[in-house]
Structure formats: structure tokens, C-alpha cells
Amino acid sequence: MEWWTAFQAFILGVVEGLTEFLPISSTGHQIIVADLIGFGGERAKAFNIIIQLAAILAVVWEFRGKIFQVVRDLPSQHQAQRFTVNLLIAFFPAVILGVLFADLIHEWLFNPITVALALVVGGVIMLWAERRQHVIRAEHVDDMTWKDALKIGCAQCLAMVPGTSRSGATIIGGLLFGLSRKAATEFSFFLAMPTMVGAAVYSGYKYRELFRPEDLPVFAVGFVTSFVFAMVAVRALLKFIGNHSYAAFAWYRIAFGLLILATWQFHLIDWSTAGDL
């Protein structure tokens, strides 16, 4: 493994780990950064699956106590059963639309301009959602109803557009639908588990011929890096939301999106090959 390839794997692992669970769009950042450092082609598809799986495993580890409790109580406790049902309800809209439209979306929307526009629009919506008056009906994830779960699941489908952000769509959706900031964030993390594992399994099977033994060192660098930085990001976000709003992320989205649009408009960066990830 050449040092430059290892460096590319490290950088993309950092980007995935830091952005996957922040409401700033990991896919959008991956598309932009991968193009800037020249990491693309067939190997990039397999690599992306690996680092996304690492990020979700970090969340599984962080919430292992809650997961164990739900599994243990599932046969007899109504609260654990309702939580599990809510996750399944929120999970299925993305499954249905993903199967129907994933390839079409990847072909037509995986480009920096779509990412930039989605970043800006999502940032504006995030600011609006944070500034409106909130009526909190569900303080904790265990207080959610199946209707709350269904609405958040539908909101998650918006993240099929690169630049929208899966966590951003589910968290802001949760706030708009009456969840507390803590409940919306935690449910977004839990919903990420079946959603991202399902996507990784589907993509892994679809691109199974791209996984080659000679790429294992590159995958290992990306996997470890993504896992470590995802753990850092998850813990930091859970601590951050205790005393802060999501406005800082909204302004970051808007600024980053406008920067991409400016580099495109004034031909400062050639984005013509971006999106091959």
C-alpha cells in the first residue's frame, strides 16, 4: 500500500467518522473530499461501504447498554416492544424508496451541485426549525408513538438526496414533530443502525466483486479511522446538544454549500468528475 493511498484512506475515514452522525451530510462531504484528493472508481464504492459500516459499529458500541436492555426485555416488557416496533416502522419507508429509486438517485443526483444546493436548503430549514416555538410531547425516545416513528421514517427518505443528511432530516423532523432535542438525536442514532446496516449489506452484495484481497490494507485504515472518529463525534454531539441548538451546524451547511457553488460558478475547481463514489 502506497503512502498516498493510505493517506487518502485516512482522510476519508476521518470525514466519514466525523460527519456521518452530524447533521451536515456525510455523503456530501465524501463526494467533495474524494474528488479533491482523487479517490474514485470501483474501489471507492467498496471502500465507502467499509467506512460506513465502521461508523455504525461505533454507534452500536456507544449505545450497547440500551441495545442489550431492549434485547433482554423484548419478550416481556411493553416498553422494549414498543421501542422496537417504532424502529421498524421508521425503518421501512427508506427500505421501500431505496429499493425503488436508489440507482436512479445515484445516477442523477450524486454531484457537487446537488450537494451544495441541499446543504444550503437544509441549513435554512434547520435554522427555521430551531427558531420556531416547540411543543415537546416526547421527552425521551420511550415516549414516542408509532405515528412519531412513521413521520421520522418519512423524513429520513429525504436524505436519499446527497447533501441533505440522514441525521439532519431525522433530527429536525423529530423536533418539528414534537420530540425533545435529546429524544430526536438519540432516535436518529438508533434508526441509523438498521438503516445503515441494511444499506451496507445491500451495497456489499451488489458490489461484491469489487472487494479484492489486495485492498484489505486500505480498507483496514479507513475502517479503524472511521470507527474512532465516529465515536468521538457521537459522544461530542450528545454532550453538545445538552446546552446548544443546531444553529451552528445550519450555518456551517449554508457556508459550505455556498462555497461549493462559488467554486463551480467561477470555475475555481473542476467538479466534472465528482460523484464517482
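Just so you know, glycine gets a Cβ as well, placed from its N, Cα and C.
As given in Swiss-Prot:
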TRANSMEM  47-67  transmembrane segment
TRANSMEM  85-105  transmembrane segment
TRANSMEM  108-128  transmembrane segment
TRANSMEM  183-203  transmembrane segment
TRANSMEM  218-238  transmembrane segment
TRANSMEM  249-269  transmembrane segment
Problem set entry | Long-range Cβ neighbours of the transmembrane segment (85-105) (under 8 Å; 6 or more residues past either end) | 144-146, 148-150, 152-154, 156-157, 160-161, 187, 190-191, 194-195, 198-199, 202
For this session: Using a Cβ-Cβ cut-off of under 8 Å, list the residues of the same chain that are 6+ residues beyond the ends of the transmembrane segment (249-269) and lie near it.
Result: 22-25, 32, 36, 112-113, 115-120, 122-124, 126-127, 130, 163, 165, 168
